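The structure appears below as structure tokens.
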């Protein structure tokens, strides 16, 4: 068996001993160390690293079942912690904190506008008032489906999650108990509850906590971790059920002057009002011209964000919903707004042309209230245009039309009402979802719970492995050993168990034996120091954390612009947002993988070169690099026996994933169709 395999099967490679002097670790030929001889080149060290990594991979089939289980648990723990970190960053930075739904979860109408004409739900997800409300809801379900989803969540996630968490926690507690007994004896009840009973119930937890006060374990921090994790496990089904729920799905309506309800999507902002439209053949008196004709939606494709308006004329993508608005814009450019009824045209002719129709008499009397774009008041098709600036820029004067009634912003909001949404069969619809605040808090608690158990398990497991000790049997053999020790101590104390009842025996054990004393032989090779281990791995942890933060923050960085008008300033801002975090990641990688100065420089340069294509990737392509990245981290931590081996085990899956995404990205660019975006721009008149 190879030396690397022996190291993997015996002592952990990075163990620190607290009670013995630190000895220099043996140098492996595969370790990326500073060369002692000039003939030992960088290429030779890379070749040696691949050799050791190959031996580490080939040694996996010879692992004991306990080692394979350990790798599996480490993999699952890594996936869990990374997933929770991503979820936490996503909830912090990616969730829209102000919903675009104007109907609140309690059925209240909460709508306002911002400075960009966005109509947003006037409620902050961080507000304490929404702690028990479904503020992150999805879907449109009938009552039975919504109830079924909620019950399935409580059963699978609530109860099932509690069972899985209990299994993990008791396994960790058992290993720590073995370490603690080698340092400080524990009572009979403590050993019984932690090693054999393992019941996640209120009564068992109270009994265990009381034993901690009577005679604690070796570490007070470990006892606090046990107490808090058990309390969280006990409360988890209630917490999981509390943070979810279903609420009636509401649609927004506007009440008209005759008390009829109109859907909010029938509301139209007013661009113009042709007061004497009855002078034409196709219009009526006080004819209302909206921002855009027909059913309009936001250009982003999401309803309820803002009303679409006309902003240009595209001959390639002709849109007839702006024909009327364009004709009115041409007309007012020639004849102006609010023309008096007895005024002639500038040319002196007593006729005008409107929408292809010649109209006798003075110009039409057309007024406006708020014009969102210069499309409505200037055009390069008007030869005699006189309007140079927007005459109606005040957004607060915006008017809307509902069933031929006109509303200002205040009236629109005052007449809004939320009504339960029903489908064509008159079935009430529901949304199912989460309370954002509770989901955020639970994510943090789960992350802290996972980190605490991983730290406790790492300390206990590696300490036992260092001393070549297994955990005591939790089955019949272990139970018989425990009863033999109890019988021996009871006999030595002169307690006749045959003549005592259970209550009397309990009293004698507590008073005479002080709860009993169970211990195990001391650990001959000292103790594993997790703080020193973390310090030695600091660059790896910094690299992992920076990678997570970077890939989440990259969602906030806009895509590299391609239009010449915005390329300059936008490109500078993109480069600044890109360069700083990626430079930090490359430096962390250099210190994590390299030993000598030359190796650090080479790794840094290579990492920078690999990061350059990521600058041009879309967010989805950058995210697809994550699987290879974190799988490489796991292989490097899990089976890498030397620094060089870890470098190879990380690089191979990462580069494979990287190359695949690189090819797919450029393939998507090659097959992307090219459109003609020639849009008629309006020149200054």
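Backbone N, Cα and C atoms are what each Cβ position is placed from, and that goes for glycine too.
Annotation source TrEMBL lists region 'Disordered' at 1-36.
If you look up TrEMBL, you'll see 8-20 marked as compositional bias 'Basic and acidic residues'.
The annotation transmembrane segment is assigned in TrEMBL to 71-91 (among others). Packing against the transmembrane segment (71-91) from elsewhere in the chain are residues 63, 436, 439-440, 443-444, 446-447, 450-451, 454, 544, 548-549, 552, 630, 633-634, 637-639: each is 6 or more residues past its ends and has a CB under 8 Å from a CB in it.
Residues annotated as transmembrane segment in TrEMBL: 118-138 (among others).
Annotated transmembrane segment per TrEMBL: 221-240 (among others), in sequence order.
Annotation source TrEMBL lists transmembrane segment at 432-457 (among others).
Summarising the annotation, TrEMBL assigns transmembrane segment to 539-555 (among others).
For the transmembrane segment (575-594), same-chain residues at least 6 beyond its ends with a Cβ under 8 Å from one of its own Cβ atoms are 32, 539-540, 542-543, 546-547, 549-550, 553, 557, 600-604, 607-608, 611, 614-615, 643, 646-647, 650. Per TrEMBL, transmembrane segment is recorded for 575-594 (among others).
The annotation transmembrane segment is assigned in TrEMBL to 601-618 (among others).
Nonlocal intrachain contacts for the transmembrane segment (624-640), taken as residues 6+ away from its ends with a CB within less than 8 angstroms of a stretch CB, comprise 8, 53, 56-57, 59-60, 71, 74-75, 78-79, 82, 540, 544, 547, 551, 614, 646-647, 649-658, 661, 664. Sequence annotations record features per position, and here TrEMBL assigns transmembrane segment to 624-640 (among others).
The transmembrane segment feature in TrEMBL is assigned to 647-667 (among others).
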Cβ contacts under 8 Å made by the transmembrane segment (221-240) with residues that lie 6+ beyond its boundaries: 153-154, 157-159, 161-162, 165-166, 169, 173, 176, 180, 200-202, 205, 208-209, 212, 438, 442, 445, 449, 452-453, 456
Intrachain residues whose Cβ lies under 8 Å of the transmembrane segment (601-618), provided they are six or more past its termini: 42, 559-560, 574-575, 578, 582-583, 585-587, 589-590, 593-594, 625, 658, 661-662, 665
Same-chain residue ranges lying at least 6 outside the transmembrane segment (432-457) that approach it to Cβ under 8 Å: 77, 80-81, 84-85, 87-88, 91-92, 95, 125-126, 128, 130-139, 141, 146, 149-150, 165, 168-169, 171-172, 175-176, 222, 225, 228-229, 232, 239-240, 242-247, 530
